[in-house]
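This report refers to the structure that appears directly beneath it.
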Amino acid sequence: MASKTMSAPAAQSERSPLLAAESATTSSRIAWDEDLESSAAAVSASEKQPAPPLASDAKTFMSAIIAFLGSGVLGFPFAFKETGLALGVVLLIVVAALTAFCMLLLIECKYKAQQRFGRPILTYGEIGRAVGGATGEWLVNTSLVTAQAGFSVAYLIFISANVHAYFEIPKRTVVLLCVPPLIAFSLLKHIRQLAFVALAADILNFTGLAVVYATDFSYMNVETMPSLRLGGVWTSIPFFFGVATYCFAGVGMALPLENAMEHKRNFRRILLQTVALIATLYGSFGVCGYLAFGDATRDVITLNIEGHGGVATIVKLCLCAGLLCACPVMLFPVFEVLQPACRVPVLAVRALTVVAVAGVAGMAPSFGHFISFIGSTCCSFLGFVLPVVFYMRLQSPGDPDKTSLARSRGVLHAITAVGMLAVVAGFYTTVSSFL
């Protein structure tokens with residue numbers, strides 16, 4: 001995801017903030033078996049409180065960009081090396097188009113569910129409950145929590161790989177050293193207390209990414225470019241698809257962004273503009289990285305930037321510090337979902353979650369393969385499978401758009417099949433990497 005962190009001005013963007021919204025509403029959500037009168041009374045009482053100011057189109061656009069642009073882009077040059085330039089560009093466009101389509105589909109699900117059940121529905125989990133009851137909500141929230149924890153694991157893998165390359169400290173030792181500060185941050189009671197940490201993470205990450213982007217050009221060699229692979233390597237399609245899906249994992253942010261907009265009718269245009277811009281940035285970053293380092297491109301592009309001073313130091317320090325700050329922001333929503341389900345002290349739940357995340361990071365084979373796994377499984381399921389399934393389940397014989405849906409039903413089934421195929425391929429690829 002969105003960055004995959006939450007900046008202070010973009011505190012309502014998804015990734016972590018979105019999941020925070022999902023989990024935070026769990027305790028206060030109106031029970032679905034309440035009668036309409038009590039629901040109406042609850043809504044009436046809430047209307048008496050002053051509503052927060054709605055976001056302008058420009059603010060929504062910036063929040064969406066921050067939510068999308070994250071550390072996963074650092075794996076794109078390696079993904080292009082695996083597939084070749086032409087196939088990589090095609091796959092990137094396909095994933096971007098699927099992401100935008102399914103995010104808009106989820107917005108349609110929200111309005112269809114509100115029309116059918118006659119009550120406000122604001123979160124992904126609530127749509128899941130409206131469509132599939134407790135099971136539907138559980139599927140959404142479990143996938144969101146797993147993906148959120150996966151983002152934190154990926155950050156720790158990145159940090160350990162870069163610190164290991166710089167100081168020659170064992171990777172697992174680096175991960176272990178990250179545990180105490182993460183546990184300390186996890187003691188904070190509210191996610192808003194992490195706003196300064198999230199802001200620092202965004203600034204550091206954007207600085208590091210900008211420097212990497214500029215550095216790629218200094219490494220480009222015109223003489224070696226003809227040897228670069230332009231055609232496609234078909235066996236690498238699942239890997240690239242997973243990386244791209246991980247980077248575009250923003251389906252969850254669609255609802256909070258649209259809910260917070262002043263002019264909701266403009267959401268479609270803003271979303272399409274955002275996805276187009278992010279796809280262009282991702283594509284150019286990946287292509288430039290591959291052009292700079294060719295077949296020597298590493299799974300984390302920063303490992304290709306040699307030296308222990310100057311630019312190399314700035315890049316690695318900024319990104320490692322930024323992602324370390326981002327980890328607690330990613331984990332906080334996970335805590336809020338797990339705490340009500342566990343009968344142990346809150347601090348124990350949080351500490352054990354941090355230890356579990358660190359343990360997975362210590363065992364993961366590489367940054368590139370791990371983000372591909374998270375993208376292929378959790379992100380594909382959330383982004384491509386559930387929105388389509390929910391949309392089709394919310395259709396009724398009397399819907400005015402029944403004819404148009406019938407024409408596109410084959411497309412909807414195809415998207416679901418692609419998402420499920422990605423999930424299976426992600427599991428298979430991950431198991432193969434451990435064998």
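Backbone N, Cα and C define each Cβ position, glycine as well.
Since we're looking at a predicted model, the values are computed, not measured.
Per TrEMBL, the range carrying the annotation region 'Disordered' out of 1-22, 45-66, 221-242 is 1-22.
The highest tally of CB pairs under 8 A with the transmembrane segment (195-214), across 270-293, 313-335, 411-431, is held by 313-335. The recorded stretches the transmembrane segment (347-364) and the transmembrane segment (169-188) share 3+ CB pairs below 8 A when only pairs 6 or more apart in sequence are counted, and are therefore in contact. The stretch in closest packing with the transmembrane segment (370-391), judged by the count of Cβ pairs under 8 Å and taken from 86-107, 234-258, 270-293, 313-335, is 234-258.
Counting only same-chain residues 6+ beyond the ends of the transmembrane segment (61-80), those with a CB under 8 A from a CB of the stretch are 1-5, 7, 9-10, 12-15, 18, 55, 88, 151, 154-155, 158, 202, 205-206, 209, 212, 239-240, 243-244, 246-248, 250, 253, 257, 270-271, 273-275, 277-278, 281-283, 285-290, 292-293, 297-302, 319, 323, 326, 367-368, 371-372, 375. Remark: the transmembrane segment (86-107) contacts the transmembrane segment (270-293), by the rule of 3 or more CB pairs under 8 A.
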